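If you check TrEMBL, you get these features:
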- B:41-53: compositional bias 'Basic and acidic residues' (COMPBIAS)
- B:1-53: region 'Disordered' (REGION)
- B:110-137: region 'Disordered' (REGION)
- B:437-484: region 'Disordered' (REGION)
- B:144-163: transmembrane segment (TRANSMEM)
- B:175-193: transmembrane segment (TRANSMEM)
- B:205-228: transmembrane segment (TRANSMEM)
- B:240-261: transmembrane segment (TRANSMEM)
- B:282-306: transmembrane segment (TRANSMEM)
- B:318-342: transmembrane segment (TRANSMEM)
- B:349-369: transmembrane segment (TRANSMEM)
- B:389-411: transmembrane segment (TRANSMEM)
Amino acid sequence: MRIALLTEGGYPYARGESAAWCGRLVQGLGGHEFTVYALSRSRRQDEGARCALPPTVREVRTARLWGPPAVGRPGERRGYGRRARALFAAHFAELAAAVCAEEPQADRFATGLYGLGDLAREHGRLPAALRSEQAVRLLESACRAPGALRSARSASVPDLLAVVERLERALRPLSLDWYGPGPGGSGGDAALTAADLCHAVGAGPAALPGLLVRHRVGTPLLLTEYGVRVREHYLGAVGAARRSARDVPPAASAAPVRSLLASFQARLAAEAYRCAEVITPGNAHARRWQERCGAERHKLRTVYPGMESRPFTAVAEDDGVADPAPTLVWTGRVEPAKDVVALLHAFAEVRRVEPRARLLLVGSGPADDPAYAAHCRVLAAQLFPDEARDARSVGTNPVTFTEVGSPEVPRLADAYARAAVVVLSSAVEGFPVSLVEAMFSGRATVSTDAGAVCEVIGGTGLVLPPRNPRALADACLQLLRDPARRARLGAAARARALELFTVEQNLEAFHGMYLELIARRRAGRGTSGGRAHPFARPAEAHVAVRWASGRLGPEAAPAGAGEPAVPHTRTSPAPVGRPSWARPARGPGEPVGPGPRVGAGGGGR
Amino acid sequence: MSTVEYEPRAPQSPGAWNERSSAALGATPRRRERPAAGAPRAEERAPVRREPADPVRPLLHQHRELCARAVDPLEIAAALEAHGINDRAAARYRHRDVFGLAEELFARSARLEPPAPPKADRPRRAGRRTRWPRTPGPKGVRTVVRAALTLLPGTLCALALPAPLPAQLPASLRWPAALLAALLVAGVLRAVLRTALRGVPLGWPPVLAGVWLLGYALLGDGLLGALLDGGALLRPAPRWVALTLAFAVAPAAWCVHRFATGARHRLAVSRSLGAFAARARPLLAGILALCCLALLAIQAAARYALTGAPLGVGGPDAHLLAGTAAVTATGLLLFTAVLLAAHGFPRPAALGLAVACAVQALALGWAAAADLPGLDAIDAPLRRAVDTGGPAVVQAAACGLAWVCLLAPAVTHLTGAAAHHPLRGAFRPEAATPAAVPVPARRAAPPPTVRPPETPDHPRPQGAPPMTVSHAAGLPRLPGEEAR
């Protein structure tokens with residue numbers, strides 16, 4: 001299958017979000033052919049390093065969401081003619097009305113959006129029109145219309161200009177030359193319209209090309225969000241108000257601007273959720289946000305991010321033998337959100353009952369807040385004086401701060417191997433990676449109820465409220481006193497993690513969804529044309545191999561392939577025999593079967 | 001509370017009012033009043049930590065700034081989650097989830113009222129000023145450099161014109177010297193233009209048109225006279241014309257700058273596009289009038305300095321009037337074109353200049369056509385006009401017509417807010433960039449000095465050295481900025 005991977009500020013930029021996940025996806029699904037359409041968010045990102053591309057990536061096309069719009073050819077510099085201007089006015093008025101309205105008007109938004117997309121295809125020059133006086137005037141009348149957002153009514157002229165500027169940037173994907181033949185489009189097989197499936201990462205501007213292609217030729221859209229774009233926008237708006245970057249107009253922090261931009265983002269996300277065939281949130285938290293923003297429940301399938309489990313599965317299981325000097329292990333970056341202070345207080349309680357217990361804090365990266373790290377060290381030194389076995393030996397502190405890579409803990413897995421209990425004391429948490437690593441290592445865990453902790457741990461560890469050192473100490477003591485229970489919990493946690501959080505599970509889920517979407521795709525062009533015939537377009541219609549390469553045996557050529565594959569610049573690494581997706585993806589000894597939340601039908605939490 | 005008769009009064013205890021209500025409650029107040037013998041009395045019991053009656057109020061107080069400036073409940077929800085309040089914590093505030101809590105906070109917080117519309121209709125003088133790029137140094141130095149730059153063409157002209165150098169030079173060197181001087185002036189003009197245009201691309205057509213206009217102003221009248229009456233083709237205009245045009249660069253550049261600054265001030269205080277247009281129109285008219293006045297004054301001064309003829313001597317001379325009108329119209333036309341181009345409308349500017357060039361070329365062609373056999377009388381109207389007001393009439397008419405044509409787009413575009421976008425011209429425009437980057441070969445990223453971002457949502461890449469993560473997904477991540 002030809003899959004168009006649409007990203008915004010992510011893969012293939014090494015500094016991008018979810019670059020690692022996308023890299024594993026294109027690398028792991030060898031039988032498919034990926035074309036990456038990437039939107040960059042800043043000059044630093046655009047000029048920065050890029051990920052190494054696996055052979056499955058056929059082409060990378062990039063565009064900018066920052067800076068001034070690219071000046072077109074000389075013929076494109078002049079404005080629209082009368083007819084095009086009337087069309088632009090009609091479509092932009094629809095879009096502006098939908099954005100400014102208090103009540104969501106999904107149909108108007110969609111009409112305006114696709115109208116502008118068609119206008120850009122036929123007449124080009126959309127960025128210039130979006131920056132024109134006409135656009136500002138239309139936006140102003142939409143803001144002053146009855147039923148407009150309350151905060152938008154007071155928008156002043158600089159506010160309107162700032163909004164128009166941001167809208168132009170956000171709508172830039174509409175006027176790119178990615179969509180095949182048309183004025184200024186480099187057509188043919190390389191275009192986005194030729195893809196069998198669009199996989200958009202994020203429901204922001206990245207989803208726009210997918211929406212447009214779905215609107216034109218009915219390409220199915222799969223939407224993956226590990227961080228919900230709308231939520232990031234809100235958090236970013238909070239940050240932007242405090243920030244004075246060069247390319248953020250000073251007026252961007254004004255309330256009307258923020259409200260209009262947030263409204264645009266929410267409407268765009270709602271349209272993306274409405275049109276996507278399948279939406280895959282990364283955890284229940286993302287899922288709740290998506291539901292809140294208008295995603296239908298039956299489209300949502302939680303796919304947990306896959307994590308490399310190999311170094312941790314090598315750790316020996318907890319043998320259930322009581323340790324005379326048990327070690328509590330905490331890993332992470334020392335920062336206030338992790339609430340290391342609470343952990344130290346809890347450990348003081350633990351020491352009162354178990355005087356031989358030790359605490360190992362493993363820092364996993366440079367601390368963002370060195371002052372907080374220093375504070376924690378001072379607190380540990382005050383709470384726990386150095387101790388020695390007898391009067392003649394040198395003492396050590398029961399609390400050890402160390403880093404991954406130090407002689408004490410050369411690898412992260414070694415830290416988990418030393419642990420009797422792994423503790424997570426965060427007050428704020430997203431997807432708790434260190435918890436999953438502890439589960440892979442087969443260790444019993446005590447964690448605070450923050451972020452996706454409850455969802456990850458299931459019933460295989462102790463969970464207690466955050467900012468409660470006494471409860472944390474009690475839970476740790478319970479586990480320290482009961483080695484058998486510790487061993488049971490650790491084994492259960494490892495089984496759970498291997499079932500839900502491996503890379504293979506993640507790839508398997510997406511591979512299944514790709515095949516399902518292609519099977520349900522309508523054969524004809526357009527979404528409305530004709531009835532849906534299952535398997536009207538087989539997944540093998542386009543096989544990612546070069547026909548003339550000679551590496552492929554005659555028996556492997558798909559007999560019923562509808563269209564001949566075009567020669568490509570690169571071939572799949574392992575096309576011998578049968579396509580690599582048809583071979584078992586996982587190695588021996590690993591659990592079989594997708595996780596319970598992956599199957600069809602909108603299961604999951 | 002034994003046998004209390006019913007009488008209307010405020011309730012004093014949490015118990016029932018009277019027998020009837022106690023029966024309705026089904027409670028036995030007597031027994032509650034007498035605790036068991038072993039139980040501690042009320043004052044001995046550990047103090048119960050009471051939840052406040054309104055648990056949301058402390059939260060509202062804690063996040064009052066956030067709530068006041070939020071435009072949407074979802075914004076509050078996102079920020080609350082970043083502070084560690086999840087659905088379980090929201091249950092403490094008697095809400096089902098964070099969204100419900102955020103909605104209550106949003107509804108209860110006093111919205112920050114939008115700032116009152118500015119009272120002063122007159123914009124303040126102090127404030128942001130337009131930036132003049134590419135001139136490093138502190139502000140005072142920059143101003144001086146800029147002023148000196150705009151005065152440079154006039155100074156060069158003033159130095160070159162009265163000098164008897166060309167006359168003393170041998171004829172073979174006279175033309176190279178003139179060419180050198182022209183190139184020098186052109187270079188300075190280019191620098192001034194670049195500063196005034198603030199990075200807006202101009203393109204070749206308007207530049208060529210401007211060169212033609214200047215050339216016609218200096219040589220055109222002589223050429224036209226020669227075509228009509230015969231004689232040497234190359235008869236330069238009086239020296240004050242060149243001097244006027246060269247010195248007019250300074251007020252024109254200042255007017256462009258002043259217009260941009262004034263418009264920006266008016267933009268900042270305008271509540272609507274109509275209000276801004278109403279404020280910008282007088283500004284534009286004033287700037288044009290100022291430029292016109294400056295041109296007239298410079299002309300008078302230049303003429304006096306070079307010819308020694310004081311103003312108004314000899315009464316209104318038709319030829320002098322036409323010459324003055326021609327130079328003024330040329331200057332105004334060029335100024336308006338630069339103004340339009342500086343605010344992002346180079347196309348109308350080029351068209352306006354092209355109209356003037358076309359009319360001038362037409363007049364020259366007309367005069368030349370009379371030399372053709374059989375077309376002797378064709379230039380009669382032109383000859384009559386030139387006889388009345390001198391050859392400068394043609395230039396005055398051409399530039400005046402073009403200026404009037406240019407006035408319409410100027411008033412339309414320059415009184416619109418989009419022309420004064422704070423960011424317009426702040427960037428260097430970029431040439432059309434190839435949107436597609438076909439991968440030529442396998443390109444490995446350089447060894448990651450930049451480590452792939454590690455967020456909980458997006459776990460680490462294969463083969464990367466193990467590290468734990470961790471920044472919470474809840475912490476603000478800015479769009480437009482890479483993940484850390």
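Cβ from N, Cα, C; glycine included.
Any TrEMBL annotation is an automated prediction that lacks curation.
Per-stretch counts of Cβ pairs under 8 Å to the transmembrane segment (B:144-163) identify B:240-261 as the leading one among B:240-261, B:318-342, B:349-369. Counted as Cβ pairs under 8 Å, contacts with the transmembrane segment (B:349-369) are highest for B:389-411 among B:175-193, B:240-261, B:318-342, B:389-411.
Here the transmembrane segment (B:240-261) has Cβ contacts under 8 Å with residues 129-130, 132, 146-147, 150-151, 153-154, 156-158, 161, 185, 189, 192, 195-196, 198, 214, 217-218, 283-284, 287, 290-291, 294-295, 298-299, 302-303, 305-307, 323, 327, 330-331, 334-335, 338-339, 342-343, 414, 420 of the same chain, all six or more residues outside its ends.
Within the same chain, the transmembrane segment (B:389-411) stays apart from the transmembrane segment (B:175-193): fewer than three Cβ pairs sit under 8 Å, each pair at least 6 residues apart.
For the transmembrane segment (B:175-193), the list of distant contacts is 149-150, 152-153, 156-157, 160, 165-166, 169, 202, 246, 249, 253, 338: same-chain residues at least six beyond its ends, Cβ to Cβ under 8 Å.
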